[in-house]
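Novice: First the structure, then my questions, so here it is.
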């Protein structure tokens, strides 16, 4: 069975990777899809985000990396995917994710959303937090892979 794990991944974190690895044990194919939202300002380009995900998941066989600009439901229909994977860090995530799951179900009744709880050691990590700490020179090595850390340091230092 195929599933999709959509997100902006700006940048990908160990929390994201935890969800990806666990999802690949449940589903035969996991599409990690970088979504583009015109209302969002990104630190990394679409191409950079895709490259980081490819580097971080190269040893996971049943992962497919892709991108999409549009409604998630349209991507699901195009690729015949019926399961959306979402990671939950805390109760506050659940409120938003439940709303999105219900909206997706309304638009496409055969789609189910599977929620995976993030490992507690990653439960406070978000891409926004990682970027903020990096901008102020803090240690982010426990939250992102080395390759991602190097790229983010280059961005924040203007190199």
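Note: Cβ is positioned from N, Cα and C throughout, glycine not excepted.
Per Swiss-Prot, the feature substrate binding site maps to 8, 40, 72, 86; the stated evidence is sequence analysis. Feature annotation from Swiss-Prot assigns ATP binding site to 8, 9, 16, 87, 88, 89, 97, 122, 123, 124, 125, 126, 127, 128; the stated evidence is sequence analysis. Sequence annotations record features per position, and here Swiss-Prot assigns site 'Transition state stabilizer' to 16 based on sequence analysis.
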Novice: Please give the maximum pairwise Cα distance, in Å and rounded to a whole number, for the substrate-binding set 8, 40, 72, 86.
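Specialist: Output for substrate binders 8, 40, 72, 86: max Cα distance 19 Å.
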Novice: Quick one: pull the CA-CA distance for residue 86 (substrate binding site) versus residue 97 (ATP binding site), whole Å only.
Specialist: 8
Novice: Can you check what DSSP calls residue 8 (substrate binding site), collapsed to helix, strand or coil?
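Specialist: The residue in question, residue 8 (substrate binding site), is coil (DSSP, three-state).
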Novice: Neighbour count first, Cβ atoms within 10 Å, every protein chain included; then name which of 16, 40, 86 tops the list of binding-site residues.
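Specialist: Counting Cβ neighbours within 10 Å, the top one is 16.
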Novice: When you rank 8, 40, 72 by Cα distance to residue 125 (ATP binding site), which of the binding-site residues ends up on top as the closest?
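Specialist: Its closest listed neighbour, by Cα, is 8.
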Novice: Counting other CB atoms within 10 A of each CB, which of the binding-site residues 123, 127 comes out lowest?
Specialist: 123
Novice: Among the binding-site residues 72, 88, whose Cβ has the fewest other Cβ atoms within 10 Å?
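Specialist: Comparing Cβ neighbours within 10 Å for the binding-site residues 72, 88, 88 has the fewest.
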Novice: Please identify, among the binding-site residues 8, 40, 72, the one with the smallest Cα-Cα distance to residue 123 (ATP binding site).
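Specialist: That would be 8, the closest of 8, 40, 72 to residue 123 (ATP binding site).
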